[in-house]
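First up is the structure itself, then whatever we jot down about it.
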Amino acid sequence: MGRTLVLIRHGQSEWNLKNLFTGWKDPDLTEKGHAEAIAAGKKLKETGVKFDIAYTSALQRAQKTAQHILEQMGQSDLEMIKSAALNERNYGDLSGLNKDEVRQQWGEEQVKMWRRSYTIAPPNGESLRDTGARIWPYYLYHIQPHILRSQTVLIAAHGNSLRALMMALEGLNGEEIISQELATGIPIIYTFNPDSTISSKTIITP
């Protein structure tokens, strides 16, 4: 299976469970999060996918998700490259705060703009556009060359960083991407044509 890219949002983290804005903070996976990653690895093994290289962010929730997947696939020794370019969107001053409490303080509409607007960033944080501006060049220079050499690549990262990447891959606009939701621990498999356009997209459901 050449020219293949598998994206997966990390398994549930401790801060997902506590309903906190996480961003660049580094909480561990919950027990459920570990189980989600293990289940994803088993599902991917069933598809016949075999990875040539893996990429992940600098944050442990994504790294441990990738490790679980590779272990389940019998590829625990595979090279795994870690880069902050793949980190979650930086939520700035909201990081570590409870989402419901932030809504009470700032109002539902303001928080919705911070979370779902393509261009508006929370205080001292990143917008989704900012996130894409660091992820897309990294993808083009470091990850896409593997795919163009007919290799299969795993990226274990985060909800917003992967949404920003998917936006560029699929040619979505700012309005279209804000409606895209990524569940934890669910693999998305892209295959590509020789000219790097998408040939197929498959979501591996539990």
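The backbone N, Cα and C atoms fix where each Cβ goes, and this holds for glycine too.
As written in Swiss-Prot, here are the features:
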- His10: active site, tele-phosphohistidine intermediate (ACT_SITE)
- Glu88: active site, proton donor/acceptor (ACT_SITE)
- 9-16, 22-23, Arg61, 88-91, Lys99, 115-116, 159-160: substrate binding site (BINDING)
- His158: site 'Transition state stabilizer' (SITE)
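Highest local Cβ density among the binding-site residues Gly23, Gly159 belongs to Gly23, counted as other Cβ atoms within 10 Å over all protein chains shown.
When Cα-Cα distances from His10 (active site, tele-phosphohistidine intermediate) are compared across the recorded positions Glu88, Lys99, Gly159, the shortest belongs to Gly159. Close to His158 (site 'Transition state stabilizer'), meaning Cα to Cα within 10 A, are the following recorded positions out of Arg9, Trp15, Gly23, Glu88, Arg89, Lys99: Arg9, Gly23, Glu88, Arg89. A gap of 5 Å separates the Cα atoms of Gly23 (substrate binding site) and Glu88 (active site, proton donor/acceptor). Long-range Cβ proximity for Trp15 (substrate binding site), meaning a same-chain Cβ under 8 A and a gap of 6 or more residues, is found for Phe21, Thr22, Lys25, Pro27, Gly96.
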